[in-house]
Amino acid sequence: MTEHAIKPKQPIKRRKKTAKAAKVDMPQPNSAAEAAIFVGSLGMVLYAIFVFVMSLVAVAFNDTGAKGVELISFAIFLFGVNILAQSILVSKEIHRVDCYGQRIIAIYMTIAPLLVSVVLMPIVLFYNSSDCKYDEASDVVCGILREVHYIANMQYVFVIVSIVGSAYLWFLLKRKDKLFWIYDEASKNKIASEKIIERSKSFRRIGIMLMTIPVVLYATKIIVTIFGGYNGIEGNLLQATVLWVIDYFFASMIWMLFIIAGIIFFIKSK
């Protein structure tokens, strides 16, 4: 009978499975993106005012009494209401930290006609007042001005872009997985934390006030012009002075300084 050496059973070393915590990158507040979104929401208010005025003008100049014009005017008015509602919702979600890029793209697509008017119209006015309009020579500057003039006249394309952007913005506003940031008051040094929070809030208030001024002035111009009965000839001196100041404010690009200053304060609020 042969004997066989039997190896004693070695204890099996089982590796402890360590549960690795899933790393979730939480979006961080971005003051520059928030400023861009807030400026876009103000632009949406201006654009809504433009749309309301367009709907009123369409009805006022409808001499034929065609019903189709009234329906189109009503559709334009509803689109203005839609943009105004979106601007309110966007401004309420100013502390939202997700989908920064998507929201910025959707907002500025929505106000595309307004952006084209603000950015390209000064160039178009320069083109109409220059010799390039009648000069067929292949001058580089005149060629660029002609292209800009052609793009500015394609308003129907930008209206389509605006409708698509508004629809996409509704999709982003209706999402349920939204993330918001709040001020963290649970700090070791509570006094220092309160001072930082108060300073941040004051900077944000100043930024909002500076960026709101151009919108308020433009709304004032529309109210004085349409409801005040001023047409550039008839009207009192106060109305003429108010409109002159507002026109100078926008024509001299002072409004851009207010927007830039507001953005700076917004970024500093971080």
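Numbering starts at 1 and runs along the chain as it is shown here.
Backbone N, Cα and C define each Cβ position, glycine as well.
Here's what TrEMBL has on this protein:
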- 10-20: compositional bias 'Basic residues' (COMPBIAS)
- 1-20: region 'Disordered' (REGION)
- 35-59: transmembrane segment (TRANSMEM)
- 71-91: transmembrane segment (TRANSMEM)
- 103-127: transmembrane segment (TRANSMEM)
- 154-173: transmembrane segment (TRANSMEM)
- 206-230: transmembrane segment (TRANSMEM)
- 242-267: transmembrane segment (TRANSMEM)
**Contact set, same chain, for the transmembrane segment (154-173): CB under 8 Å, 6 or more residues outside the stretch** = 47, 79, 82-83, 86, 89-90, 93, 99, 102-103, 105-113, 116
**Asked** Where else in the chain does the transmembrane segment (35-59) make close Cβ contacts, counting only residues six or more beyond its ends and a cut-off under 8 Å?
**Response** 69-70, 72-74, 76-77, 79-81, 83-84, 86-87, 90-91, 94, 100, 103-104, 107-108, 110-111, 113-115, 162, 207-208, 211-212, 214-215, 218-219, 222, 226, 259, 262-263, 266-267
